[in-house]
Ligand code: ACO
């Protein structure tokens with residue numbers, strides 16, 4: 001969608017954080033029946049970072065990423081008007097964004113969570129952009145953070161090889177309309193396929209409660225389940241379509257794209273999408289080999305690393321696409337302005 005805007009929005013700075021513990025494919029092959037060769041060939045992942053022990057949580061990672069982004073933009077946390085925390089692995093089901101607000105001392109900010117799995121950062125970026133472009137807020141902190149290691153079945157070789165923990169942050173700031181850097185977006189959802197990838201709530205103790213006066217059935221969330229083949233097919237067919245729709249809306253074409261930044265799920269998906277768009281794989285931003293699939297963190301983590309490497313130049317067009325559970329997927333096209 002290409003909205004009419006009252007003021008522009010641009011990404012001022014980014015930051016990221018990953019846990020210290022690095023888990024290699026070799027280590028995973030000691031736990032389940034797999035091999036480094038299988039994982040690298042099928043996914044491109046070589047290692048991932050995982051929170052171990054009780055010392056750190058999602059909010060610690062999110063706070064480090066946020067403070068790094070704030071430092072780079074020389075901004076005080078008190079200047080932040082809104083915090084959107086995209087996560088599917090919160091510390092608290094009522095929401096964790098307020099814990100992040102407290103931890104970084106952003107006491108003037110409204111804070112809320114946004115749940116959309118691996119599309120979470122794209123949806124949060126688009127949501128934040130609306131608040132800026134319609135004139136409501138000036139400075140917004142968008143964080144994508146997940147600790148899917150907490151929800152991974154470490155005896156399931158089809159999923160435990162894929163995921164890692166991490167956090168990435170971006171500071172969005174209002175700017176004059178003619179300097180707008182968030183050019184447009186395209187978002188989609190197909191709830192009929194939700195079962196392909198989920199962390200489902202399951203009821204328990206039914207026998208225990210059925211004779212009580214208040215037969216409320218309770219349960220808990222279980223592990224990640226995924227139909228990898230179906231998610232793979234969905235990603236390589238829907239993501240290029242989403243990108244083309246978004247580019248078309250902006251009167252841009254694949255040739256105008258300087259960087260393609262996709263959710264870091266599988267190296268084969270990244271290359272298949274680039275191929276379908278006739279975009280050279282040299283324009284793909286990828287750090288999947290080091291971190292695996294970090295869900296909502298993957299896009300801001302990869303963006304932050306690319307910026308640190310200095311490969312993104314002013315006015316470059318970056319196509320960002322997220323996809324995952326829901327099923328949800330979406331594209332946002334940005335022009336780098338800082
Ligand atoms: N090691 C060794 N063998 C394995 C492993 C493993 N870790 N996992 C599966 N296998 C076996 C299977 O049992 C199967 O054996 P069989 O042929 O004897 O039955 C064989 O390898 C092939 O399995 P497939 O599932 O067909 O493997 P595929 O090539 O599809 O790769 C993968 C699996 C990597 C999961 C791929 O399907 C994929 O990347 N899917 C997309 C996942 C994704 O993008 N998720 C993004 C969203 S995440 C989110 O939203 C939170």
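Each residue, glycine too, has its Cβ placed from N, Cα and C.
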*Per TrEMBL, which of 249-253, 254-258, 259-263, 264-268 is region 'ACP-binding'?*
264-268
*How long is the line from the C-alpha of residue 293 (active site) to the C-alpha of residue 263 (active site), rounded to the nearest angstrom?*
8
*Three-state secondary structure of residue 118 (active site) from DSSP?*
helix
*Cα-Cα distance linking residue 263 (active site) and residue 118 (active site), given in Å to the nearest integer*: 7
*What counts of helix, strand and coil residues does DSSP assign across the domain 'Beta-ketoacyl-[acyl-carrier-protein] synthase III C-terminal' (251-336)?*
35 helix, 22 strand, 29 coil
*Secondary structure content, the domain 'Beta-ketoacyl-[acyl-carrier-protein] synthase III N-terminal' (112-191) (per DSSP, counts of residues)*: 29 helix, 32 strand, 19 coil
*Can you check which residues sit near residue 263 (active site), meaning Cβ under 8 Å from its Cβ, same chain, 6 or more apart in sequence, and list them in order?*
118, 119, 293, 298, 299, 321, 322, 323, 324
